[in-house]
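*Asks:* Would you mind keeping the following structure in view while I ask a few things?
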Amino acid sequence: MRFLIMAAIRWVVLAYIVVIGCATIARGNEQPLSRIAIERATVAAVDSASVKAQPTVLGLKGQSSDWVVVEFSHPKPSNDDWIGVFSPSGFSSEICQPEYYGDLPPYLCTSPIKFQYANFNNADYNRSGKGLLRLQLINQREDFSFALFSGGLSAPKLIAISNKVSFQNPKAPVYPRLAQGKSWNEMTVTWTSGYSIKEAIPFVEWGHKGGNQMLSPAGTLTFSRNSMCGSPARTVGWRDPGYIHTSFLKELWPDSLYTYRLGHRLLDGTHIWSKSYSFRASPYPGQDSVQRVVIFGDMGKAEIDGSDEYGNYEQASLYTTNQLIKELDSIDMVIHIGDLSYANGYLSQWDQFTQQIEPIASTVPYMIGSGNHERDWPGSGSFYGHNDSGGECGVPTQTMFYVPAENRAKLWYSTDYGMFRFCIADTEQDWRPGTEQYKFIEQCLSSVDRSKQPWLIFLAHRVLGYSSASWYEIMMGSYGEPMGRDGLEELWQKYKVDLAVFGHIHSYERTCPIYQNRCVQDGSNLYTGQFNATTHVIVGGGGAMLSPFRATVPYWSFFRDYDFGFSKLTALNHSTLLFEYKKSRDGKVYDHFTISRDYRDIMACSIDNCPRTTLASHTNFDSNLRRRSMIRLWVVVTWLVVCAAAAAHPGEQPLSRIAVERMVLAVNESAHVKASPLVLGLKGETNEWVEVEFFNPNPSNADWVGVFSPADFSSAICEAFGVPQYYPMLCTAPIKYQYANFNNNGYSKSGKGKLKLQLINQREDFSFALFSGGLKNPKLVAVSNKITFANPKAPVYPRLAQGKSWNEMTVTWTSGYDFKEAVPFVEWGAKGGQRVLSPAGTLTFDRNSMCGAPARTVGWRHPGYIHTSYLKELWPDSLLGHRLPNGTNIWSKSYSFKASPYPGQDSVQRVVIFGDMGKAEADGSNEFNDFQPGSLNTTYQIIRDLKNIDMVVHIGDICYANGYLSQWDQFTAQIEPIASTVPYMIGMGNHERDWPGTGSFYGNLDSGGECGVPAQTVFYTPAENRAKLWYATDYGMFRFCIANTEEDWRPGTEQYKFIEQCLSSVDRQKQPWLIFLAHRVLGYSSCTFYEEEGTFEEPMGRESLQELWQKYKVDLAFYGHVHNYERTCPVYQSKCIVSGSDHYSGPFTATTHVVVGGAGAGTSDSEFTTSNIKWSYYRDFDYGFVKLTALNHSSLLFEYKKSSDGNVYDHFTISRDYRDILACSIDNCPRTTLAT
């Protein structure tokens, strides 16, 4: 009995030690800010108390951190008085969220970003009531205020509030974080700003140090309060994270020094810049140079001003950070394996953390892993159901930091650095055998070429290996994470992993080379010869409160240190690796060892029989890793969220909201509008920004400014329609408009405002008109001066397209010159070679070519002259240039393109496909920004990847002009960087063609009276009849058959015969990849729109065509019309012939159908059915596009990418020989399919 009592006492004591010492592991509620009982705060204002902060403006020299002095007095002081720093400065109950607090919100519902006791460094405060604090603030996008509280933290009483303090530019780009990209020669730069893409375009200016600098655009993410899973992240800890931008710097030269700076281009054309930074590009895989990588976990952050925020929680965080900064010249990469900032639901701390590590992360790649304090939350899908993340459930982590993971919500990935391969696991997701992550781990370990990358390192947050921490002994009854090494140890041994490195336990420990609880080799400071077993290292002492060890030292535990520190790996060459453990307080080495071995020692083979990889026979890697989409985290661009919420009807053109016919004159002599500069494009630009200043003595929030072109828009230009004796005061719509109070918050009081608008060259001059009365009852108040481009008739916006033969390229462009004024032609030739001239034909159309309103009435605008030149007998895959002249001396700028490959050419060929994109305004004007919310993202993403794209196919619903013809110029200007470089092929959609009584298959009003005329004139296609826009085009190993769903396609029709001829005539030995494309869904879609039709397709769509697809073995059928993404299994007659997969091989079975209409237009009418549709394999309710890559005659790669970030969210491959397509043998295979 006495023994049992003593044992019980011993366990209680040990448990107490563990609970105290390992508190940061067990729970997430020790965040210092969580000690403040915000919900209990009351107001107890004292008139004679005061708080004053100075200076009031920070960052005057561009710095992102600055010091403030806070002076305060309290007539009734107490030792538990404290100062809270609040940002934003307004923190009253007005900002409370009623869904969290019900009918009676508290006085406060947001936590301070940090706090300090009033008597800190004020020893006399308790007697005098006067004090002074010096606090450091960082730029966090909002202003600050300082509040004095009594009552301590548990019953805070608000005594006094200070004045406001703000950074000079609170929205400035700050805290860049470098990370390795998905290839060794790609570096990503992520940073934070206050600019949404509606306000500014983010980019990075970068280049070789001392060399030419280039620009790379950036994607933008954010997340909302509703993305958080619980409290405090969703309540008192919530703070807007700003906008997170990521740019991809590609094709870097190994080990070269680059400089970069962060930029934002504002709507007025000005730029906001960060300071300049530099980094060294990664070595190529296997490069023989000294490579140094620092690894640690569980660091957190601390306040250098001593405020009680993290100072007693991650007290050593600053030691580690400062030591790394001191050694930065001898560090190439940092890996922080989980438990990053310990924000634990107090989101302001993520800014504090990224600011703290900025000197490191802006200079070397800062790679991260996911820990319990980032991810865990009950019911959120995390492997552990704890509250450790404070309701964040991983969202801030995967948004604030880039990692080259296939799915950022599942934060496991591999990264190569010279002679290293790092396999980084996510312990907050299931890793056990049979899981997706387990398969990834095996693939990562098995696929490395150990002759190039001899040093194989496994990393994870929780200890999946060995640890002698008291936490695991008492709470888990194990020497590591339960179920941790059960399945993984076999992989580490099989693939000869040199080191397994873990965090989670806040101390340092190193094992012997160990396998199945036994030291295969004694612990040592030098290991040579063949691989024996993996050495396990705990390096979780980055800064968070230390974790004690168990009293008994296990035999396999070779070195332990109860202190803060980090590890450093140095690959001296392919045969020597140095490991060092350094303490954070002094940077000295306290443990080290060296591995010295040749890769043949790793493989246990001789020089004659050594494979180049490890035991890599692993074939069942789950390629679904590349397919499964990231959990939607509401981390979309802010303007996308706002516009999606607006949910404009897909058929509603924003300009149609203006009741032009109701306009009346209400000219006010004291009102005015002024536009500058007067002349645009002085350097040949085709777009430029103007500033419009205006004043209305009787302002209203309904006032708006319309942009008119031509500048004269009075009734004198009206044409009679039906009532010749009556003319309205206005009979033409503006080309775009914006509300007068846009970015002019005080307009409704002052009547003064200013707008920055982008104009493109559209052949006419411009004026700006101020209207009152809103859009429904517009009253013309004032009109501006006129402005114009230096040459409004200049040739602009070239569009390339495939000709009628593979070696012909057509160039179509727009100008203001008719053929009576000038002879149009193209000067072109092989790059660096002789130039030749090719003449161009000219087309146009007039108002009478339109079928109805608004195209024939208020939407009419002269289209200019459309010129097309045919560049023939091109040499395959050659680079050519062209420039467009009209008259003797009028030239466009120079462009270049690569000629198409010949049919069957064996080269990599890449084609992007999408539908329903439309256009948007970069200046935020109310023209398309609430109508095609994803359009600019898609455009920018394609431009970003243009070097890896050979052709674009836009299958209908092109610009959504819907009868407002000015929008065709806007669209061609938007896509010019793409269409001037690669062929831009189009299909016909309902928003181009449909109009009652005009011969369209559907008699609706979707084209706004255009009835196809602008589409078939502005764009060239190799159709036999441009009014019947169906055609075939060949590109290398591809045959594309493009149908026109706005014309009858049923059996017996002209189009049906074309479709069969196109499919049947292809030589599948030369062109194995046969693709069918159409706008409306003639195949399969699980959209609710088609569900209501009772068909899950366009009625009469696949009834006859699926026989052709099956007969001629069509690989893929693409559609638009439905604004989402969906992929089917290989399906025939509504049955999956083969299950949906990420890889298809062997003989053809059935066609895979793909809906890819999510390129930009609003998604409000394109929701998916909730019914279980067996043939629907992958669905995504988001904006994106598809990329096909023909790797060779037997391998086709399909990728679906989101427009928001350009990452791949679904993919599959097809591997087959043309004999598999034809189901024949090598002796009897015809050269074509079952061609009649």
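The backbone N, Cα and C atoms fix where each Cβ goes, glycine too.
TrEMBL lists these features:
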type	residues	note
DOMAIN	51-169	domain 'Purple acid phosphatase Fn3-like'
DOMAIN	176-280	domain 'Purple acid phosphatase N-terminal'
DOMAIN	292-508	domain 'Calcineurin-like phosphoesterase'
DOMAIN	533-592	domain 'Purple acid phosphatase C-terminal'
DOMAIN	673-791	domain 'Purple acid phosphatase Fn3-like'
DOMAIN	798-898	domain 'Purple acid phosphatase N-terminal'
DOMAIN	910-1125	domain 'Calcineurin-like phosphoesterase'
DOMAIN	1150-1211	domain 'Purple acid phosphatase C-terminal'
*Asks:* Are the domain 'Purple acid phosphatase Fn3-like' (673-791) and the domain 'Purple acid phosphatase C-terminal' (533-592) near each other by the rule of at least 3 C-beta pairs under 8 angstroms (pairs 6 or more apart)?
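*Replies:* The domain 'Purple acid phosphatase Fn3-like' (673-791) and the domain 'Purple acid phosphatase C-terminal' (533-592): touching, no.
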*Asks:* Counting Cβ pairs under 8 Å to the domain 'Purple acid phosphatase Fn3-like' (673-791), which of 292-508, 910-1125, 1150-1211 comes out on top?
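*Replies:* Highest pair count goes to 910-1125.
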*Asks:* Helix, strand, coil: count each for the residues of the domain 'Purple acid phosphatase Fn3-like' (673-791), based on DSSP.
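*Replies:* Split into helix, strand and coil, the domain 'Purple acid phosphatase Fn3-like' (673-791) gives 7 helix, 48 strand, 64 coil.
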*Asks:* Tell me the residue counts in helix, strand and coil for the domain 'Purple acid phosphatase N-terminal' (798-898), as DSSP assigns them.
*Replies:* 3 helix, 46 strand, 52 coil
*Asks:* Find the average pLDDT over the domain 'Calcineurin-like phosphoesterase' (292-508) in the predicted model and report it.
*Replies:* 92
